[in-house]
Amino acid sequence: MARPSPLCLLLLLTLLTPIVPSNSLLTEPPFRWRFYLHETWTQGNRLSTVTLATVDCQPHGCQAQVTFNFTSFKSVLRGWSNPTICFVYDQTHSNCRDYWVDTNGGCPYAYCRMHVTQLHTAKKLQHTYRLTSDGRTTYFLTIPDPWDSRWVSGVTGRLYRWPTDSYPVGKLRIFLTYIRVIPQVLSNLKDQADNIKHQEEVINTLVQSHPKADMVTYDDKAEAGPFSWITLVRHGARLVNMAGLVNLSHCFLCTALSQPPLVAVPLPQAFNTSGNHTAHPSGVFSEQVPLFRDPLQPQFPFCYTTPNSSWCNQTYSGSLSNLSAPAGGYFWCNFTLTKHLNISSNNTLSRNLCLPISLVPRLTLYSEAELSSLVNPPMRQKRAVFPPLVIGVSLTSSLVASGLGTGAIVHFISSSQDLSIKLQMAIEASAESLASLQRQITSVAKVAMQNRRALDLLTADKGGTCMFLGEECCYYINESGLVETSLLTLDKIRDGLHRPSSTPNYGGGWWQSPLTTWIIPFISPILIICLLLLIAPCVLKFIKNRISEVSRVTVNQMLLHPYSRLPTSEDHYDDALTQQEAAR
């Protein structure tokens, strides 16, 4: 079974031990003025608000202009638009300040003052224009007078998609607050501490501990506070020291978040109830607490009650009324912990398993190597799907190899069919045995029924049960021999499946022999070589004839080239006939 992912003592100490800060970090964190830019727009029937950007004034105060940097407006899509902002406070005309302020936000007319987005070609433009853009990804909104008191109460403006639009598409709000700036190191530690605290609160809720219960402390006067993994690991380290384990400087105590933090360990003897113990709250202390089982001891050393005497080595023989557990001890009864045990002899709880236990932190001790293997598991190497191509053999060789592997696949299919037949025989033998047993049970049931009826009617003096009932007599037929035969068949098949296939006697033929796996891959190249040897003489003879013919024609042409044909008498006769025909 795979081990759970551990939460180690080393990691906890690393998270909770802060880095030694410098002198500047030990002083009280400074306070600064911070500007916020919020955008509000309507999305369907829902009103949405988001923080576009924040910017801090200089440490000595807001004595110089500040600029917001943000990527985009939520209500204006980048591209086919030119965002424009209107404020009421910087309007010079009374019509722009007094009319349709809630609707238009200072720009009900075209002559009102509007801050149109300008292309940010130089940094000096920020001193001239309030709203600029680099044309790609960033907008710049400048506050020229951050020292003005209006920003503390907040300034509201309207956002238009185009300067010529009649109505705005969103609302902007800019305000200034005095905040406490936390250094980055302390901020990171604070976030980690908050996360650990949240996890401990969740686990504390799951543990369902009593606020006054002595859960993980050994002093019965101490009150257990909220559950803490640090406290759990500390108690685990204390137990390790008490156990006398040495040379643990390079070991790790680990616990798992997915498992209960405590485990109940059975004690070898009953509690000493003679002394006066501190009063504990009555009732159930905790539920679903797992019990530790020693794999080397099949029995529990001591039990107060048990449903089976074989489970315990020793059972409590005294009275189980009004028993109290001392500090650090509990009664474990069916996954439930309690400090008091009050069981009468006729109570149903007397048939449950109740043990004296002590709660121990559920920790695991790992060495350096074991922890390294858990945190960084070894990488599994992937096997090559087509090894000939991976190791650099040519594609032709790979194709030939894949073709030769067909024989091995055929042999594997034949072996699988043989195995399927044997399994089928085993299933049939098992079914036959079960059917035989069922027939025996049916036969016994019929005989018992007939005997019961015969004995009830006492009809032995009238010819026996069969004659009185007027039906055939049924007797038990011992079919155990058939069962034994079927079992022997199963044993033979089992031995045949486990025995290596080394004998040459196969029911399917010689092609199912293991030797076939080695022979078949060589058949294809042998056949190819034989085919080449068969056609090689014909090919060679054809090539030889062609070469001879070409050589003969070439030699004749070279020898007859200087000679020409001489005229004969037949040639003169042909010329005379030609002239006569032309004269006619």
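Backbone N, Cα and C define each Cβ position, glycine as well.
Here Swiss-Prot flags 1-22 as signal peptide. According to Swiss-Prot, the topological domain 'Extracellular' annotation covers 23-518, on the basis of sequence analysis. According to Swiss-Prot, the feature N-linked glycosylation site maps to Asn69, Asn247, Asn272, Asn276, Asn308, Asn313, Asn322, Asn334, Asn342, Asn346, Asn478. Positions annotated as motif 'CXXC' by Swiss-Prot, on the basis of similarity to another entry: 251-254. Feature annotation from Swiss-Prot assigns region 'Fusion peptide' to 384-404; the stated evidence is sequence analysis. Annotated motif 'CKS-17' per Swiss-Prot: 449-465, in sequence order, evidence recorded as similarity to another entry. The motif 'CX6CC' feature in Swiss-Prot is assigned to 466-474; the stated evidence is similarity to another entry. What Swiss-Prot lists as disulfide bond is Cys466-Cys473, and the listing cites similarity to another entry. The transmembrane segment annotation in Swiss-Prot covers 519-539. Here Swiss-Prot flags 540-584 as topological domain 'Cytoplasmic'.
Ranked by Cα separation from Asn342 (N-linked glycosylation site), the glycosylation sites Asn69, Asn272, Asn308, Asn313, Asn322 are led by Asn322. Among the glycosylation sites listed (Asn272, Asn308, Asn313, Asn322, Asn334), Asn334 has its Cα nearest to the Cα of Asn69 (N-linked glycosylation site). In this structure, of the glycosylation sites Asn272, Asn313, Asn342, the smallest number of CB atoms within 10 A of the CB marks Asn272. Here Asn308 (N-linked glycosylation site) is compared against the glycosylation sites Asn272, Asn322, Asn334, and the shortest C-alpha distance is to Asn334. For the motif 'CXXC' (251-254), the DSSP counts in helix, strand and coil order read 0 helix, 3 strand, 1 coil. When the glycosylation sites Asn69, Asn308, Asn322, Asn334 are scored by other C-beta atoms within 10 Å, Asn69 scores highest. If you take the Cα of Asn334 (N-linked glycosylation site) and the Cα of Asn313 (N-linked glycosylation site), they are about 18 angstrom apart, rounded to a whole number. According to DSSP, Asn342 (N-linked glycosylation site) is assigned to coil rather than to any helix or strand.
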